[in-house]
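Input: a single structure, listed below in structure tokens.
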There are 2 protein chains.
Amino acid sequence: MEFWFSQLDTENVKTTVRVEKQLFSGQSDYQRIDVFQSDEYGKMIVLDGDIVFSEADEFIYNEMVVHVPMAVHPNVKNVLIIGGGDGGVAKVLTQYPEIESIDVVEPDEMFISVSREFFPETAKGFDDSRVNIINMDGLRYLRRCADKYDLIINDSTDPFGHTEGLFTREFYGNCSRALHADGVMVYQHGSPFYDEDEAAFRAMHRKAFRSFPISRVYQASIPTCPAGYWMFGFASKKYHPLRDFDPKRWNARGLKTWYYTTNLHQGAFMLPKYVEDILSEEEHRG
Amino acid sequence: MEFWFSQLDTENVKTTVRVEKQLFSGQSDYQRIDVFQSDEYGKMIVLDGDIVFSEADEFIYNEMVVHVPMAVHPNVKNVLIIGGGDGGVAKVLTQYPEIESIDVVEPDEMFISVSREFFPETAKGFDDSRVNIINMDGLRYLRRCADKYDLIINDSTDPFGHTEGLFTREFYGNCSRALHADGVMVYQHGSPFYDEDEAAFRAMHRKAFRSFPISRVYQASIPTCPAGYWMFGFASKKYHPLRDFDPKRWNARGLKTWYYTTNLHQGAFMLPKYVEDILSEEEHRG
């Protein structure tokens, strides 16, 4: 049987994946949620038509948002994950014994229950006793936080639809306030390649750059993302992602990874000229 | 109108691009050649169903196969391009005044004439007086070369079909013989992500690693390549791509780029763990 799911990367480009079965389809209060079994990517979660998680490449995203800040900040105890309903980010964080609490602020209960049902290996990140799930909108939650976290990871989806508020200037300001004086924020920064993504990419850097003393962007090759190329933001009050990076300390932990290495950590910040130019234009905008 | 071209990245994943018009379709002695006008990628050349050139992302590939070796080897005078019928690699090379000759060994005359007709801005690389086009099979040409080139760039397509001979052990041995004692070879190394590409990726590294004293792999994010992630090989008799790399000399040239920077040069060799593991397994195979 020919059975294909297509993700619209732009209105003119699709990533099309052969599907064996649709395992789930539902409409939550926030979004449409589908789960597919595919030959190439294993099981995938699709939110409003976009692949947000696949068994074959989730390791790249999850390792890059966790290990990069953890190899820089010397003393992370309290972490906030905004979004993160699949549990993948929480699962990687639970490998660090010094972390005392992981708050996951995910408004969509259906997303969490679907993840628990179809991705128990990933969602077991939620079962760690340090993890607290808070069913609330991220921006609303942040408004009441001050000086509370060492690390915030914005794992929410695109800056459109119900997560739009998580990409406003108010959001970055609230994250800054919710962090301790040496806190770090990591956020998904979208893809800079296609014209229709570039405006969102520019706006994100402009807002983070003005809300934090240190703001750098890093990259990874993630096949299910548009153009296969994804960026992350590292915004920080004190620590620089390269100057305060401690590869020796991180390597001494002996953590098993499939994507991240301390060598790749450095390379991830070495960006193509066209990306450097975009960032620099936004930094120098009047 | 809904008019879409699909590239089969694997038998289970397609990259699907909206097409405005098919500008050319022909069958040469070697392959089927199509030219499409697309909204997202501009004009594209498709060989046997695979996008090998698009106006929107060709700069990435062409800059990465030229500037990386040129920023390492201190004295490149004679260059051989194997394949390269679109002229893009030759065009980037002609920016270097010290290069005295650029031999392009491309057996497919139709590919060259199609490139000249539909991509005159790129194919003008052929018009430089230092460029000699040789219509011959690359492996046959190489058999008669010894101690002739400073740099060989293998710009041929996949290790299947009529270009299969360009990925054999004999091929790497012949390249080594065709190079001067300090020569460098750069070749497209395929994509390591999908299972069905991994075997070819492994075999290529094994052969290059045994044919050259120095053999390193580097990466770029190229949207029209499978998984958006492409690798290149740097095989060399004397110069190491990082230890003999001279960013100061290269930057003094003041060349205009869109992808390459000397900072990115270093990052391109900092690979994901799963790629490092594959390479290391092949290096230690008995």
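Yeah, the Cβs are placed from backbone N, Cα and C, and that goes for glycine too.
Among the features that TrEMBL reports, active site, proton acceptor is placed at B:Asp155. TrEMBL lists B:Gln31, B:Glu106, B:Asp137, B:Gly138 with the feature S-methyl-5'-thioadenosine binding site. According to TrEMBL, the feature spermidine binding site maps to B:Asp86, B:Asp155, B:Ser156, B:Thr157, B:Asp158. What TrEMBL records for B:2-237 is domain 'PABS'.
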Separation of alpha carbons, B:Glu106 (S-methyl-5'-thioadenosine binding site) and the residue listed as 'active site, proton acceptor' (Å): 10
Spatial separation of B:Ser156 (spermidine binding site) from B:Asp137 (S-methyl-5'-thioadenosine binding site) - C-alpha basis, Å: 11
Around the Cβ of B:Ser156 (spermidine binding site), the count of other Cβ atoms that are within 10 Å: 26
Least Cβ-crowded entry, counting other Cβ within 10 Å, from the recorded positions listed as B:Asp86, B:Glu106, B:Asp137, B:Asp155: B:Asp137
Reduced DSSP assignment, B:Gly138 (S-methyl-5'-thioadenosine binding site): helix
Among B:Gln31, B:Gly138, which are binding-site residues, the residue with the most C-beta atoms within 10 angstroms of its C-beta: B:Gly138
DSSP-derived class (H/G/I helix, E/B strand, else coil) of B:Asp86 (spermidine binding site): coil
B:Glu106 (S-methyl-5'-thioadenosine binding site) and B:Asp86 (spermidine binding site), Cα-Cα, nearest whole angstrom: 10
Integer average pLDDT (0 to 100) for the domain 'PABS' (B:2-237): 94
Whole-number Å value for how far B:Ser156 (spermidine binding site) lies from B:Glu106 (S-methyl-5'-thioadenosine binding site) (Cα to Cα): 9
